[in-house]
Amino acid sequence: MSNEISIKIGSLLNEVRNKKPLVHNITNYVTVNDCANILLAIGASPIMADDIKEAADITKISSALVINIGTLNERTIESMIASGKKANELNIPVVFDPVGAGASEFRNSTTKRLLEEVKISVLRGNMSEIKFISGLGSTTKGVDASENDARTGNDEGIDVAKNLAKKLQCTVAITGATDIISDGERVVILENGTKMLSNVTGTGCMTTALIGAFCGAGSDYFIGAVSGIISMGISGEIALDKAGKIGTGSFHIAIIDAISNLTSNIIEKMNKIKEI
């Protein structure tokens, strides 16, 4: 447990609810509704604009930009690039979720282009996606991490996150049974969460959206990433306790309920943060 970091997270949560940052999501149509609702639950304001005619204009008035390639298509790629460049121009944080990177040439080339043309603030993905981007040869299972990559040890995962963070000059977050976050210097391991989160589609996308909310309310994007990820992990534990035995549908709704009721005191009591 890290009291210093948990205090920073609690303070940033209060900032989110005070500032209500507008978070521009160019995301996928599988989870877009959940991303909007999770942002409302944490206290942020979501907007989902993916047409090239307005995407950059919407980014211009936003506090953060979230790019998610879950349901990738040619039309939205140009919107992602235009919005990303506008965000860079205005020093607006960009959170990138490279869903399924390594699964197809289309995703691979798009991920490469985004990383080349847009300065990313936080890169969040599973172990397979992050290993692929690092050039380490992953074996992705669609949009999920492969069993082999998911078994990657913490020491190796820390090296992967730190090295990629230094290379891209951003915060890298690898989420899974254990979460690893690094900005190239600082490293945190999070052990909150529950296996049941993987039974609800979109919990990763929702986590990325939450990171956008926290980054939009503060200037330390490493803490923003830690805050978004631990908020989902703790809320998953609370949801499991309240609705896990009922089924995945009730558990799904209970996650959003838990996010809406999350407080700095809950984070302080329930966090499983390890500073490395």
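Residue 1 is the first one shown; counting continues down the chain.
Each Cβ is built from the backbone N, Cα and C atoms, and glycine gets one as well.
Noted in Swiss-Prot for the protein shown:
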BINDING   Met48, Gly202  substrate binding site
BINDING   Arg124, Thr175  ATP binding site
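Recorded features from Swiss-Prot, shown on the structure.
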residue: Met48; record: substrate binding site; Cβ contacts under 8 Å, 6 or more apart: His24, Asn25, Ile26, Thr27, Val32, Cys35, Ala36
residue: Arg124; record: ATP binding site; Cβ contacts under 8 Å, 6 or more apart: Val95, Phe96, Asp97, Val172, Ala173, Thr175, Gly204, Thr207, Thr208, Ile211, Ala225, Ile229
residue: Gly202; record: substrate binding site; Cβ contacts under 8 Å, 6 or more apart: Val30, Thr31, Asp34, Cys35
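DSSP gives Met48 (substrate binding site) a coil state; it is part of no helix or strand. In the shown protein chains, 28 other C-beta atoms lie within 10 A of the C-beta of Thr175 (ATP binding site).
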